[in-house]
Structure formats: C-alpha cells, structure tokens
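As structure tokens, the structure follows; a few thoughts come after it.
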Amino acid sequence: MEPGNQTGISEFILLGLSEEVLLQPLLFWIFLFMYLVTFTGNLLIILAIITDSHLHTPMYFFLFNLSFSDMCFTSTTIPKMLWNIQIQSQVITYQGCIVQMYFFMLFGILDNILLTVMAYDRFAAICHPLQYMIIMNPKFCDLLLLTSWLVSVLDSLLHGLMILRLSFCTKLEIHYFFCELYEVVQLACSDTFLNDLMIYFASGVLVIVPLTGILFSYSKIVSSILKISSTRGKYKAFSTCVSHLSTVSLFYGTSLGVYLSSDSTQNSRATEVASVMYTVVTPMLNPFIYSLKNKDIKQALKTLFSRETFSV
C-alpha cells in the first residue's frame with residue numbers, strides 16, 4: 001500500500017471479475033441474463049403470493065419478504081457492474097461505494113435473519129401443529145419482520161458510519177465487482193482496530209445466533225418427524241421443509257465460501273467465484289427452488305399465468 005493519506009478521496013476502483021477487454025461483453029450478457037432471471041423469478045413469487053389467498057399464511061408471508069429482499073440484494077451490485085462494463089469504466093464514487101455497502105449489508109443481513117425466522121415457522125408448524133396459528137399469529141409475524149428489518153438497518157448503519165471516520169491511502173483498488181466492507185476497511189490508512197473489531201463481532205453474532213437457531217429448529221423438526229408412524233406422514237412433513245433447507249444450504253454455503261476463500265488464499269480468483277455464487281447465483285436459484293419443490297407455489301403460478309393469458 002502506498003503511503004500518503006487522502007481524507008477527501010472521491011472514488012474507488014472496482015477491479016471486477018476480469019480486466020480482459022475481450023471478456024467484458026460476455027460478462028455483460030451473462031450477468032444481465034442472471035439479473036433478469038433473478039428479478040423476474042422473485043417478482044413472480046411475490047405476485048403469486050399476493051394474488052392467491054391460499055398463500056396468505058405465515059410461511060408465505062416470510063417467503064414474500066425473502067423474495068423482495070433477494071431482488072433488492074442483487075440490485076445493489078449488478079446494475080452498477082453492468083453500467084461500468086457498458087461505459088468501460090471501473091470507477092465507483094466514494095459516496096456511491098458507501099451507499100452500495102450499506103444496502104448490500106442491509107439486504108444480506110435481512111436474508112440471513114428471514115431464513116432463521118422461516119426455520120422457526122417450520123418448527124412451529126411441524127412440532128406444534130395444533131397451536132401453529134396461535135403461535136404464528138399476524139401480530140407476532142409482523143413483530144418478527146419488524147425486528148428483522150431493525151437489526152439489519154441498525155447493523156448496516158453502524159458499519160457505514162464507522163467507515164466515514166476512516167481516511168484512505170492513494171491505492172484504492174477493490175478486488176471485487178462491488179464495494180465489500182472488509183476490502184474497503186483494508187484500504188484505510190488510519191487505525192482500523194474498531195472497524196475490524198465491529199466486523200468480527202457483528203459477523204460472529206449475525207452468523208452464529210441465526211445458524212444456531214436454524215440448527216436447533218431442524219433438530220426439533222427431525223425429532224418430531226421420526227415420531228410420526230406412517231411413512232407418508234413423514235414424507236409430507238419433511239417435504240414442507242425441503243425448499244427452505246435447500247435455500248439455507250445455498251445461502252450459508254456460498255456466504256461462508258466467500259470469507260473462507262478470502263482468508264485461506266492469496267489468489268483472489270476463488271474469492272471472486274465465491275462472491276458471484278453468494279451475490280448472484282443464490283438469489284437467482286431461490287425462486288426455482290420454491291417453485292419446483294412447492295406444489296402451492298406451482299399452482300399459484302399456473303393460476304397467475306392463466307389469468308394473464310385470459311386478460312390478454
């Protein structure tokens with residue numbers, strides 16, 4: 001890192017996935033396709049839930065919010081990447097970087113917490129079926145959603161404000177296609193001890209607590225399913241969890257892959273691939289997971305398309 005302190009920096013350089021000029025058009029069309037699939041898929045899930053009264057239940061209430069969060073999550077990074085490729089630039093302004101980091105963290109954390117809440121919803125449905133609607137009443141669901149948003153907003157805001165106290169050096173290259181918190185902190189010339197402490201503490205709490213909640217919920221779910229006498233009953237109970245379990249595995253597998261690969265290797269290529277999986281591929285696959293493995297969503301989508309066809 002070059003010496004020289006600049007407190008009034010105006011921009012960062014996003015190195016992206018490749019600096020090869022010939023690869024840029026290919027990357028543009030690949031990421032445009034994935035973004036459109038992600039946005040359209042999640043939008044269809046949202047419309048299906050809104051239009052089908054049978055899906056107005058706690059489980060689909062949280063799925064609605066997860067789909068909305070996924071749309072916003074990818075929208076924080078991909079449009080800027082596509083724009084930079086189109087105008088052949090790698091620049092993002094200082095203000096734009098701070099805003100991108102804030103919303104990227106907000107919707108990433110929101111995804112994480114919503115997946116935990118959805119695990120609790122499945123726990124209540126399978127382990128306490130008779131009390132399910134009492135436990136997951138509308139007021140409690142609203143409270144869970146509000147808490148999820150508050151934690152996400154406050155944590156992201158705290159990180160963003162702590163970035164503003166830093167001064168940066170003359171080398172401002174970020175080895176991602178978006179402004180990633182840890183990468184930006186590492187570019188600072190000033191003392192980053194408090195920022196590093198906050199990153200590790202918040203990451204620990206916001207990973208360990210939700211993951212523990214998910215594992216606890218599924219340990220209880222598995223225990224309850226094993227007590228069901230009929231094979232058909234076991235299959236029916238477990239089938240309601242398959243989509244969520246698949247999404248959780250994708251989310252944690254790819255997000256942990258980003259940070260494990262960045263810590264374990266000096267080669268940024270593995271980290272770049274993991275970051276694409278985390279930021280683009282997982283949100284893109286979620287609508288397919290829920291539509292292919294969920295009969296209710298399938299039926300709602302069929303009804304939605306039949307209404308559109310009839311109206312045309």
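First residue shown is number 1, and so on along the chain.
Backbone N, Cα and C atoms are what each Cβ position is placed from, and that goes for glycine too.
Because TrEMBL annotations are produced automatically, they should be read as predictions rather than curated entries.
Here TrEMBL flags 41-290 as domain 'G-protein coupled receptors family 1 profile'.
If you look up TrEMBL, you'll see 26-50 (among others) marked as transmembrane segment.
Positions annotated as transmembrane segment by TrEMBL: 59-78 (among others).
According to TrEMBL, the feature transmembrane segment maps to 98-120 (among others).
If you look up TrEMBL, you'll see 140-164 (among others) marked as transmembrane segment.
Per TrEMBL, transmembrane segment is recorded for 197-216 (among others).
Within the chain carrying the transmembrane segment (237-261), a Cβ under 8 angstroms from the stretch's Cβ atoms is held by residues 59, 66, 108, 111-112, 115, 118-119, 122, 125-126, 203, 211, 214, 218, 221, 224-225, 228, 270-271, 273-275, 277-278, 281-282, 285-286, 289-290, 293-294, all 6 or more beyond its ends. Under the heading transmembrane segment, TrEMBL lists 237-261 (among others).
The annotation transmembrane segment is assigned in TrEMBL to 273-292 (among others).
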**Prompt:** Residues sitting near the transmembrane segment (59-78): Cβ under 8 Å, six or more positions beyond its termini, same chain?
**Reply:** 31, 34-35, 38-39, 42-43, 45-46, 49-50, 100, 103-104, 107-108, 110-111, 114-115, 117-118, 121-122, 125, 141, 144-145, 148, 177-178, 240, 247, 279-280, 283-284, 286-287, 290, 296
**Contact between the transmembrane segment (273-292) and the transmembrane segment (140-164) (3 or more Cβ pairs under 8 Å, separation 6+)** = no
**Asked** Where else in the chain does the transmembrane segment (197-216) make close Cβ contacts, counting only residues six or more beyond its ends and a cut-off under 8 Å?
**Response** 109, 112-113, 115-116, 119-120, 151, 155, 158-159, 162, 181-182, 185, 248, 252, 259
**Request:** Residue list, the transmembrane segment (98-120) vs rest of chain: Cβ under 8 Å, 6 or more residues beyond ends.
**Result:** 59, 62-63, 65-66, 69-70, 72-73, 76-77, 80, 92, 144-145, 147-149, 151-153, 155-157, 159-160, 163-164, 178-181, 184, 206-207, 210, 213-214, 217-218, 244, 247-248, 251, 255, 279
